[in-house]
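Report on one structure; see the data block that follows.
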Amino acid sequence: MAYLRSSFVFFLLAFVTYTYAATIEVRNNCPYTVWAASTPIGGGRRLDRGQTWVINAPRGTKMARIWGRTNCNFDGAGRGSCQTGDCGGVLQCTGWGKPPNTLAEYALDQFSNLDFWDISLVDGFNIPMTFAPTNPSGGKCHAIHCTANINGECPGSLRVPGGCNNPCTTFGGQQYCCTQGPCGPTDLSRFFKQRCPDAYSYPQDDPTSTFTCPSGSTNYRVVFCPNGVTSPNFPLEMPASDEEAK
């Protein structure tokens, strides 16, 4: 009987190990509430200051993104709106957020047995962020940051309530969005790159903005407002509603 129990426990551990490639811990250190969003897994979660949310990411997860929504107000059914990062007026996101929103992007257990991950400002900026492996191993497997006061310094042409849009969102076209083939940085994309050199500043900013870790070697952590206190130019929360993420 003991053998059967131990075999069953081993099976469960092996199943969990096989199923989940990594856990992603999302933490809010901002002095205001952030409504975290995660697709294609996770959905959404309200995070008051100091709260965390752990997402179990399966092997093969790709095109995944995590972002923070600000100035949200949801009813008990999880319907409402957010000033930045809104995903169709629902708490539990199934699609991408409306710019501007700082993105943590990742794909797990991809070619060459690597996890690929980055911070992207291609959808603009709303909240400072770090994205880090919990077990860094050197090379391109280390913490990355975007913690500059981009909202406070945002060019007037890109400034919107609660954030700073990327020029691709604002102006569109090949020059800013690389819609018809290769393109390079512009003066406006350099504004983002100079302040957050780890992050994507335009769609083809790959060489300095993509990071990798050996698959299965580490979990990951995303922190909103890693320095704890943000500039007054960052948004303050709206009055809390009665909703709570399930």
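Along the chain as shown, the residues are counted starting at 1.
Just so you know, glycine gets a Cβ as well, placed from its N, Cα and C.
Cross-referencing Cys164, Cys168 with Swiss-Prot gives Cys168 as the cysteine bonded to Cys177, criterion being a recorded disulfide. Cys146 (disulfide bond) falls within a strand segment according to DSSP. Each residue contributes its Cα atom, and for Cys87 (disulfide bond) and Cys154 (disulfide bond) those atoms are 23 Å apart. When the Cα of Cys168 (disulfide bond) is compared against those of the disulfide-bonded residues Cys30, Cys82, Cys141, Cys196, the shortest separation belongs to Cys196.
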